[in-house]
Amino acid sequence: MSNGDMFQNNHDEIDFEFLGNIRGKDWRIQTNVYGNGSTNIGREERYGLWFDPADDFHQYTIVWTDSQIIFYVDNVPIREVTRTESMGGDFPSKPMTLYATIWDASDWATNGGKYRVNYKYAPYVAEFSDLVLHGCAVDPIEQHVAKCDNAPQSSEATTTIPSSGVTPAQRIKMENFRKKHMTYSYCYDKVRYKVPPSECVISSQEAERLRRFDPVTFGSGRHHHGKRHRRSRGSQTEAAASF
């Protein structure tokens, strides 16, 4: 979601991004949040997926209120962002539009640019189905709420997603997901942030798992020099586009 067409210099975004993958390897998905054009503070998280999103349709959900943002995959919450006073305008608060885009993110999306888009597989196609929107329509000129469409209690797409936030049972599922699949969180990136941003809720278990996964990024924040084993180059990247 974005409002870059209306607020070019201070736009908001809430993103699901499917990062390019190497054929035969697991897919990765990234979530990101920023407001008022605050791209200098990246709030990215990345996760491996337990399925191939190109094989079949899956449900991806964003619940966005004035106090929190929750991302879901197949009704499992994977990330929760709670608004803090110190975030100020960094929390998305202006009306947004839903977009779907495909673009070349080879410089960063695939192992820091190690693998490039292979255009012999073009054109690239993304298919979507069963789009459901619940919220308040806003007049694009007057910028006031025209009408609201609240999610009905019987809606198939929202029956397991309570409007009050993540339930205790869902929180257990979210913790299990993050334990198994999260590979990056800006909250633990000591290279980028000496002090985590205010909205970060630090988990010692998550910190330790990520530190073991990438000691440089999530450990001391210092680069270590020394001999490393040379890894063989993987197969050619099929696509490195972000959606």
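Backbone N, Cα and C atoms are what each Cβ position is placed from, and that goes for glycine too.
Heads up, TrEMBL stuff is auto-annotated, nobody curated it.
As recorded in TrEMBL:
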ACT_SITE  E13  active site, nucleophile
ACT_SITE  E17  active site, proton donor
REGION    213-243  region 'Disordered'
COMPBIAS  221-233  compositional bias 'Basic residues'
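In the structure as shown, the Cβ atom of E17 (active site, proton donor) sits within 10 Å of 18 other Cβ atoms. A C-beta separation below 8 Å, combined with a sequence spacing of at least six in one chain, links the residue listed as 'active site, nucleophile' to M1, S2, G4, N32, V33, Y34, G35, P92, M96.
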